[in-house]
Amino acid sequence: MSFALGQRWISDTESDLGLGTVVAVDDRTVSVLFAASEENRLYAKHDAPITRVTFNKGDTIESHEGWSLEVEDVIEDGGLLTYIGTRTDTDEVNVVLRETLLSHQIRFNKPQDKLFAGQIDRMDRFALRFRALQNQYEQHKNPMRGLCGMRAGLIPHQLFIAHEVGRRYAPRVLLADEVGLGKTIEAGMIIHQQVLSGRAERVLIVVPETLQHQWLVEMMRRFNLHFSIFDEERCIESYADSENPFDTAQLVLCSLDFIRRSKRRFEQVVEADWDLLVVDEAHHLEWNQTKPSRAYQVIEAIAEETAGVLLLTATPEQLGHESHFARLRLLDPDRFYDYDAFVEEERQYQPVADAVTALMSGDKLSNDAKNRIAELLSEQDVEPLFRIIESDGSEEQQSQVRQELVDNLMDRHGTGRVLFRNTRAAIKGFPQRNLNLMPMALPPQYATSMRVATMMGGRMSNEARAMKMLYPEEIFQEFEGDSATWWQFDPRVNWLLELLKENRNEKVLIIASRASTALQLEQALREREGIRGTVFHEGMSIIERDKAAAYFAQEEGGAQVLICSEIGSEGRNFQFANQLVMFDLPFNPDLLEQRIGRLDRIGQKRDIDIHVPYLQGTSQELLARWFDEGLNAFGETCPTGRAVYEKFSDTIIAILATGKSDGLEPLIEESAALNKELKAQLEQGRDRLLEVHSNGGNKAKELAEKIAATDGDIHLVNFALNLFDTIGLNQDDKGENAIVVTPAENMLVSSYPGLPYEGCTITFDRKTALSREDMNLISWEHPMIQGGIDLVLTEGVGATAVSLLKNKALPAGTLLLELIYVVDAQAPKKSGIGRFLPKTPIRLMMDSKGNDLSAQVEFESFNRQLSPVNRHMASKLVNSVQKEIHALIDTAEVSIEDRIEAVRVDANAEMKTALNGELDRLQALKAVNPNIRDEELTQIETQMSELSAYIGKAQVQLDSLRLIVVSHN
């Protein structure tokens, strides 16, 4: 090393000191002043851990006055360098800048600058960086992205729907799985995919007030999505940050009532720019052609301004056929433009169902089937497709063609891509329902009060009287006052106490229609037998309800009984219990199904006992018999219940209003016959279509198997532990697939993404995570991994390295240069660029003659043959071959151009294939539905041309490099 006063050097071991200046030199030592950090260092001359900073032609450097110079020439005189070039701010040419006047705070951003400046990292960090780039790329390209990292069981039909919908641009769908099939999880998976891919950045979830907290917790626990609940208080607090409070958070959760009640809040929600709207319990959105409900109008206004919309309802035709059409109209007003046309189209489902069944069966297509398909797809030339099906070609190709025809049929002639509905009949693994009808004698106190109420209720409508007669305890209280203790003589209470005593170790869910009944029942159980119970009703706050639900769920020391009013049977799930008591009966079959669905859902491991105590000779007995014998609504799910009820509602109400069984037998017979007929119709037409479309068949099973195969990925485990080590996190193995991760004092950063201040317990095993709520399931999608990768890449970890290759087959001193380039298209995340051209790493391995050996030398196996070099020695090695490294980088820059072009071509082809498919679909739809807007077609064409331009302008940047020197020692 030769030193001269004024030379600029950088410390190999303390790179944060900035750029140093030689201020004193004697025979044995050199003194360097680091002005940026106001530090002085004295080094031994012969082995100083510092590196001379030199810049080259093409570099941009900064003067201590703040202006920059693009270097065109470098002159050395008396050991000092002078840079000549053009000022970037004034374009003045031939400007001279002596190295002494360089900025003290100079930063080396290019990996080659860092390498030459002695900022050399460890080789294990270089390997970590390359793996981070590779994994980031693979995750972006993974078609199952957003599905693998959720903390939920791998249930095929849920995965299929989420996969089908989640990868669409601006999905607009109605998720209408039957009660208990997991719509909330499906919605969460769709949101997760949309957010991860950048297709949705701002998401609004609108739910009934009672379900806000449940959604908040589900999104956070299962998907690591942190929503904010917005109410009046939160909106007022947010005014300091924005005029529109809904602009202050990206992921927002609020109740429908909240935005329906306030005109101002409603307008603010509509004005906020959402990418995705999710509405739960969408069957509350009533509509008819003359007068839509306020709730419907509110959601319609938001849906018109929002690209993606998910509506969730357990009962697609609940509240009538018109409301079902209206919900579909919210999603796709072009496809569902006229109610009468919709009704007419539904009548034509049968031939479509037959054609789909023929295609799905895999059997040879009959001429009739072919003619039917050709007629239904008249705008498409299907003959070539039939020829492929009948040829001796590969099974895979035939299967693809059959699937293409099925997709086209369903898209154009059914509710297609808009409605997904799975039924229990199609999903295996549900428990049996065991019904226990318990007739009981009517107490004289009730008989008297009911008789008097009948005499006094002369002006009451039949419906109001029928409703009243179902709840004798309420009638009794009206006469006796609030202090009346009906539960002292009601035989249902005595029976219930005995049931609970006999089943002390069972959790029992009790549902009553009224909140007052639920509260008094809890009091009776507590006072008479000291039974631990908790109540759940509409008068409680969300937090109080959550506490009640948690107390019931608690295994040790928890409540034996949870008593819910009717609202308790919407949205809350208690599949850990299998005992359901209906203290009274709801007025319609849909509510009955909702009640049973709290226990009878996916995840229920045992058969369900449904206990229905009723008072003989009252409306309760008549309704129980009609539900049981007319609909079999207790024994199995009843999708036809609403239609049967509407057909016979006048008769049912008249019978319930009198409380007499005259006319009950014929009503039961006619109801059972109609129910059977409707079920047969559903079996024939639309439901079979939807079943084929919604449960995914073998595709769904394959999807679940693929995701299961990625669980516990050993590459992920190794990468995560290596990442945590590099960042400086403490890891404590707790056994049973669990590791406790906590922040450490000497971390690379002050706080680690996704890691709480107090640390957390992690597992890589899905089964363990599902059984232990206190654990984080770590996957490639988890914020601790995603955030860690971002941290490594932005903090420059592993951007340079020097390694030794001990190989006597090569001459000692042979050089290899490993370069990692990244292809990056600068485009908005929403454009979908990440799907076709995410940041793409390209590895080159240049030998000393400028040949690229990367195809012959695989990274991991080569990395295992290398040995590390300490930083000081590495810096010396780099300095001794600086000229050769420059030459190899220049050669690599030429080689990389061909590789970039190939990446651009592949990305463009993939994008055009995907988007042309969508364009063709809309053009075909336009042929059968003139209401498809031209803008929709131009939107896709515009998107294709924009993406094509972004891909064409994709640039490459050298991200990291490693010098490898052959050694024989």
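Counting starts with 1 at the first residue shown.
Each residue, glycine too, has its Cβ placed from N, Cα and C.
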(request) If Swiss-Prot is the reference, give me the range from 280-283, 588-591, 648-651, 780-783 marked as motif 'DEAH box'. (result) 280-283
(request) Based on Cβ atoms within 10 Å, give me the single least packed residue among the binding-site residues G180, T184. (result) T184
(request) Can you see whether DSSP assigns T184 (ATP binding site) to helix, strand or coil? (result) helix
(message) Restricting to the motif 'DEAH box' (280-283), what is the model's mean pLDDT?
(response) 88
(request) Around the Cβ of K183 (ATP binding site), how many other Cβ atoms lie within 10 Å? Please give the count over every shown protein chain. (result) 23
(request) Just give the helix, strand and coil counts over the motif 'DEAH box' (280-283), going by DSSP. (result) 2 helix, 0 strand, 2 coil
(request) Measure from the Cβ of L181 (ATP binding site) and count the other Cβ atoms within 10 Å, all protein chains considered. (result) 27
